[in-house]
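Trainee: First the structure, which I've put down as structure tokens, then a few questions once you've had a look.
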């Protein structure tokens, strides 16, 4: 796997980069140009990694007004001119100490930063939350769509599978692409087309690096009568709670009321 990151460069390397840019812009080639009053000079350092730090490549790019004029590529090991303006950058290859410093940046900067990132971003893991819901309420033997929502996980690698009665379902599975939440976590929806039969059990199984074992969430197909009974039971339970609450309120108010005849003075 290849990976790329921007350099976090120690002060010494920044100083070297600024020195190179200033020298480039003060050469005869640069002095012959008609520089505008306002211009932009940039240094961009990038590290490229393959299989961790098995292979590391560092590239330092020197840019004037968004045009790269010179670079140092660790695979080449020397400064190279990209345009006429950067022609004199190759003179820096004669300064052996400075050249060795640039070559050493692969270890001192790239590999160093990789280890630092590995302890924070690269090893960060957040377990996913998994829920199942039908797209609509339908009776048995009617076409429907089950949605497995997998949310708030990191890193992005994830595997979501559907099962019907312990048998994996591959036909009728549709998935969204990974969705970035903007807080370094992801979410994904994996849908399964179904025609549920009485007693069917559908399972969404999720595998992720943050998990010791897969998460499994079940959804059971129910007949209309079973759903009605369940809803009736829930409704009865809620009504019971309401009447119980009203009874307690009435009793509480009754306890606060007068318990004997009012004082005689209040009758006149």
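First residue shown is number 1, and so on along the chain.
Just so you know, glycine gets a Cβ as well, placed from its N, Cα and C.
The disulfide bond annotation in Swiss-Prot covers 47-110, 148-204. Per Swiss-Prot, the feature region 'Beta-1' maps to 33-126. What Swiss-Prot lists as region 'Beta-2' is 127-229. Sequence annotations record features per position, and here Swiss-Prot assigns signal peptide to 1-32. The topological domain 'Extracellular' annotation in Swiss-Prot covers 33-229. Positions annotated as topological domain 'Cytoplasmic' by Swiss-Prot, on the basis of sequence analysis: 251-268.
How buried are the listed features, and what sits near them?
Mentor: Residue 47 (disulfide bond) counts 25 other C-beta atoms within 10 Å of its own C-beta, drawing on all protein chains shown.
Residue environment of residue 148 (disulfide bond) contains 25 other Cβ atoms, counted within 10 Å of its Cβ in all protein chains.
Residue counts for the region 'Beta-2' (127-229) under DSSP, split into helix (H, G, I), strand (E, B) and coil, are 6 helix, 53 strand, 44 coil.
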Trainee: Taking the Cβ of residue 204 (disulfide bond) as the reference point, list residues of the same chain whose Cβ is under 8 angstroms away and which are at least six residues distant in sequence.
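Mentor: Listed in sequence order, they are 130, 132, 146, 148, 160, 161, 162, 163, 190, 216, 217, 219.
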Trainee: Under DSSP, is residue 47 (disulfide bond) part of a helix or a strand, or is it coil?
Mentor: strand
Trainee: Note the mean pLDDT of the topological domain 'Extracellular' (33-229), expressed as a whole number.
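Mentor: Averaging the confidence scores along the topological domain 'Extracellular' (33-229) gives 89.
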